[in-house]
Amino acid sequence: MAVERTLSLIKPDAVKRHLIGAILSRFEQAGFRVVAAKMLHLTQAQAEGFYAEHQDKAFFPELVAYMISAPVLALVLEKENAVKDYRTLIGATNPAVAAEGTIRRDFAIDGRHNSVHGSDSLDSAKREIAYFFVESEIF
């Protein structure tokens with residue numbers, strides 16, 4: 001199986017609650033290698049661009065407001081089967097239905113304040129990684 005890369009965002013709710021270390025520890029325990037990281041305070045334009053696929057949905061303004069409310073930690077994670085394994089590790093978007101032991105079940109507040117973002121496909125991962133990182137920033 002080939003090594004893949006996926007984008008992870010540790011979202012504002014987790015950053016504000018000082019959960020970065022606990023979440024990074026989960027990534028490393030699951031065999032992910034951090035190959036890039038940067039702390040960002042997204043602008044409105046950056047948040048709108050990143051979530052452009054949701055711009056016609058009713059929740060879009062609240063999502064953007066949340067994502068610019070505090071810094072995020074953007075990460076590129078690498079391992080075999082990274083996209084699928086990361087999605088399994090973080091759990092369902094709604095923490096109330098996320099599996100026991102997943103990051104969202106353990107740390108999220110609700111479906112919007114759900115602590116982490118993860119790419120949902122290899123194509124999304126490539127696009128999302130390129131949104132935040134240039135190749136020279138990935139090791």
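Yeah, the Cβs are placed from backbone N, Cα and C, and that goes for glycine too.
Site annotation (Swiss-Prot, ligand ATP) includes F59, R87, T93, R104, N114; from K11, K16, the additional listed residue is K11.
Of the listed binding-site residues, namely F59, N114, the sparsest CB environment within 10 A is found at F59. For the pair formed by R104 (ATP binding site) and H117 (active site, pros-phosphohistidine intermediate), distance between Cα atoms is given as 10 Å, rounded to the nearest Å.
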